[in-house]
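Pulled from TrEMBL, these are the features on record:
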- A:73-253: domain 'ABC transmembrane type-1' (DOMAIN)
- A:12-32: transmembrane segment (TRANSMEM)
- A:73-99: transmembrane segment (TRANSMEM)
- A:111-133: transmembrane segment (TRANSMEM)
- A:139-161: transmembrane segment (TRANSMEM)
- A:182-206: transmembrane segment (TRANSMEM)
- A:232-253: transmembrane segment (TRANSMEM)
Amino acid sequence: MSQSVTEVARAGRWGAIGVLVFWCAWEAVAFFTGKDAVLPGPRVVLWEFQHGFFGDRGLEYLGIRHSDYPVNLAWTLGTAAVAWLIGSALGIVAGLKAARRQWLRDVTEPVLFVFGAVPVLVAAPLFLVWFGAGPLSKLLLVAFYCFVVVGVVAQSAALNIPPTAEEYAATLGLDSKARFRAVVLPAAFPPIVAVLRLALATGISLEVSAELLGSRVGIGRLIAVRAQQGNVAAVLALAITVGLVALVLDLVIRAATRPALRWQG
Amino acid sequence: MIEDVGTRRFGVALRTRPRNRALLAGVLAGLVLWQLLSLLVGATTSQGQNVVPPLQQVLTTGITGLSHFYKGGWGPETTLQGAEDSVPLAALAVLQNSLATLVRAWAGYLLAVALGLPIGLAVAAVRPLRQAVSGIAGLLRMLPVLAMSPLFALWFGATTTASIAFVTFGAFWVVLLATANAVNSLPAPLTEYPRTLGLTPLQISIRIVLPAILPALRGALMLAAGTAWACVLASELYGIQSGLGWALNQTLLYTLVDQMVVVAGVFAGLSLASLRLVNCVTGRLTGWSE
């Protein structure tokens with residue numbers, strides 16, 4: 001036990017050193033490049049973050065009503081989080097049930113087969129035309145993505161449970177519903193948690209990139225405007241901020257699901 | 001008695017299985033649903049036919065309208081030079097833009113694999129280095145990668161180089177991390193025994209470790225291919241002036257849903273075919289492990 005704690009601490013220490021080395025290497029490359037407009041160093045990006053956090057008058061002159069980070073972050077991450085919740089919940093139910101009911105597998109298979117392999121971003125233009133540039137189009141797009149990716153993994157997780165485990169439960173008198181609760185759900189939970197974390201990170205990325213295509217508010221909208229201005233530092237500051245908040249959300253999911261995964265050791 | 005494989009129509013079984021006829025029925029049901037939706041939206045709204053065009057429109061003007069995306073240089077005149085919309089010109093347009101997209105996706109993907117595999121092997125050989133790279137990758141994993149494509153257009157211009165660099169950036173981390181993790185999961189005797197026979201670290205990496213980790217890498221190589229296709233689409237949607245993603249963006253700008261559906265269908269087909277090819281090649285390479 002103490003050995004594994006030491007190992008985790010060592011991994012964390014080397015991880016932190018890696019990030020520090022990356023930071024220094026980035027700063028050095030930026031210094032030798034000598035052009036903040038091409039490759040700004042971390043300090044320039046940090047400066048851009050500090051000065052843009054509460055809004056930028058220059059962007060407001062361009063007609064952007066909300067140019068501050070908090071409103072745009074809340075918009076982007078709020079939409080992505082709601083979509084992730086809806087899509088993932090539907091994906092878990094559909095995936096687990098489809099692994100045990102052939103008619104449901106037949107219904108979900110075409111969608112999961114095609115969009116399990118094809119980037120969902122390809123459907124973004126269609127969603128924008130149908131549901132407008134507001135949050136609904138992005139919410140549906142991200143929810144659909146989460147449904148597919150979580151559904152595929154949940155189905156595969158349920159199919160990978162050894163049949164003997166369920167047969168043994170049946171010999172103990174558990175009916176189909178009880179076996180689902182006592183055997184299928186706990187066994188499929190670890191891969192489902194892993195894919196939920198992946199779906200959140202990729203869902204946020206999809207939300208931001210859909211906002212690049214057309215949106216009135218959101219981090220993607222700000223990235224599009226800053227990229228048009230050629231402001232690399234601002235684009236990096238916005239992307240890193242989204243990444244850090246997504247990292248915090250990822251840690252929250254890990255902490256929330258840890259008690260349920262304790263049996264894994 | 002629990003049924004092992006779902007045979008009853010509405011029963012509960014331990015296992016269900018994919019059925020080709022269900023896939024076919026799903027595609028047909030999707031087409032019928034689209035046509036019904038088109039009729040419904042067309043009858044109830046003024047712009048309905050433009051928003052959900054009927055299938056006959058998708059298969060006629062949706063295809064011929066793509067002639068505008070032909071940029072010339074292959075013989076026939078472009079529509080800007082006075083040529084009429086036609087099926088052959090549309091086929092040329094699809095071919096020209098598909099080739100651009102395919103080259104970017106595959107070049108970026110192969111470059112990511114070519115870089116990610118050796119660097120992953122090198123990183124895995126030194127535990128502190130592997131942990132340090134995992135720390136960086138843990139942060140980079142959470143960045144909205146797809147939304148960073150405008151950065152590459154700023155750095156490399158709206159060029160194929162920018163697209164390939166972006167695809168490589170997106171897929172590289174997947175291959176690198178998977179390689180390092182796969183090496184870490186190998187049983188120690190697998191590398192210790194050849195070392196006693198006098199093999200150098202390089203020989204062990206190439207002749208022992210690389211073949212041994214391939215089965216574990218198969219899923220990651222598929223994931224990287226999927227990431228590569230998402231990245232190539234993102235890079236073409238934002239800035240680059242050729243490729244299927246660019247054509248898709250143009251159909252969005254002018255709300256040409258009939259053409260949008262055709263372009264999206266071609267992109268989906270190419271992406272699906274590429275992933276199947278990766279699956280087939282990696283399956284052959286790892287056939288010994290099954």
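Easy rule for this one: first residue shown is 1, then count along the chain.
Backbone N, Cα and C atoms are what each Cβ position is placed from, and that goes for glycine too.
TrEMBL entries are annotated by machine, without manual review.
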Rank A:12-32, A:73-99, A:139-161, A:182-206, A:232-253 by Cβ pairs under 8 Å to the transmembrane segment (A:111-133) and hand me the top one. A:139-161
Have the transmembrane segment (A:182-206) and the transmembrane segment (A:73-99) got at least three CB pairs under 8 Å, pairs 6 or more apart in sequence? yes
At a C-beta cut-off of under 8 Å, are there same-chain residues at least 6 beyond the transmembrane segment (A:232-253) that contact it? List them, or none. 36-40, 44-49, 52, 69, 73, 76-77, 81, 193, 196-197, 200-201, 204, 208, 219, 222-223, 226
